[in-house]
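Summarising the annotation, Swiss-Prot assigns domain 'Core-binding (CB)' to 2-88. As annotated by Swiss-Prot, domain 'Tyr recombinase' applies to 109-288, with the evidence given as sequence analysis. Residues or ranges marked as active site by Swiss-Prot: ARG148, LYS172, HIS240, ARG243, HIS266. If you look up Swiss-Prot, you'll see TYR275 marked as active site, O-(3'-phospho-DNA)-tyrosine intermediate.
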Amino acid sequence: MTDLHTDVERYLRYLSVERQLSPITLLNYQRQLEAIIHFASENGLQSWQQCDVTMVRNFAVRSRRKGLGAASLALRLSALRSFFDWLVSQNELKANPAKGVSAPKAPRHLPKNIDVDDMNRLLDIDINDPLAVRDRAMLEVMYGAGLRLSELVGLDIKHLDLESGEVWVMGKGSKERRLPIGRNAVAWIEHWLDLRDLFGSEDDALFLSKLGKRISARNVQKRFAEWGIKQGLNNHVHPHKLRHSFATHMLESSGDLRGVQELLGHANLSTTQIYTHLDFQHLASVYDAAHPRAKRGK
């Protein structure tokens with residue numbers, strides 16, 4: 001057994017005896033560290049003292065090339081950093097060579113937006129009871145203002161200014177923003193407020209459950225999914241998809257990335273750029289109409 005294996009065995013015993021980690025967690029550590037042992041041996045290392053940041057980076061690159069996903073690589077590097085930290089604490093290493101090495105961020109999988117025709121079909125629900133009116137109002141507000149789910153369920157009646165067609169929301173980081181919600185949303189909120197007292201609630205919440213309490217995020221998710229099925233949409237409807245659709249449709253219509261950023265409450269423009277995607281056909285038409293080099297010569 002090489003010094004590489006010996007040190008890993010010692011570390012695993014430490015995790016088992018002193019840290020009292022579960023067998024499954026220990027097995028995960030063992031698998032990750034066996035991968036680096038194999039790589040180090042291939043590169044002629046006899047001890048961990050010979051390992052440097054370049055070797056760790058090469059190990060990360062090799063892992064990615066062999067098909068390891070970004071999230072799995074992050075776990076592998078985390079296990080390696082913990083192991084090297086332990087070696088430093090045992091005076092086996094002077095510094096942790098993996099400390100400055102990080103895995104690439106996992107790609108963000110954005111939900112597909114609902115196109116305008118399907119959105120109109122979703123909103124055209126059969127209003128046959130007060131809860132259906134409530135759901136129509138929630139759908140209109142969510143799509144009309146691009147709210148986060150937490151912002152929707154957190155709305156109180158006092159946050160409304162129906163005369164101006166605006167709503168105040170508390171976003172991430174306790175940041176308030178004032179948003180237009182559109183005349184359709186205003187009309188359906190007014191319709192819902194006429195029925196809201198049927199639930200006999202003294203709660204300040206705008207949207208109530210059938211028990212008269214503030215509606216929960218889970219309940220909203222469930223109701224939106226049910227309406228998607230009832231209205232014959234082919235894809236799963238959830239609150240985040242409505243927010244994404246709002247952003248996409250606004251950006252396609254206006255091209256104003258900064259304006260959409262403000263409406264969504266994003267701190268960084270880069271978040272909006274990732275979150276909203278213009279389809280290539282729309283971009284091409286904008287380019288053809290606006291760019292001087294795209295115009296046909298006379």
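Heads up, the Cβ atoms here are built off N, Cα and C, so glycines get one too.
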Query - DSSP helix/strand/coil residue counts for the domain 'Core-binding (CB)' (2-88) - result: 70 helix, 0 strand, 17 coil
Query raised in the report: For HIS240 (active site), what is the secondary structure by DSSP, using just helix, strand and coil?
Result: helix
Query raised in the report: Which one, from the active-site residues ARG148, HIS240, ARG243, has the smallest tally of other C-beta atoms lying within 10 Å of its C-beta?
Result: HIS240
Query raised in the report: Could you tell me the C-alpha distance between ARG148 (active site) and ARG243 (active site) in angstrom, no decimals?
Result: 7
Requested in this report: Find the average pLDDT over the domain 'Core-binding (CB)' (2-88) in the predicted model and report it.
Outcome: 89
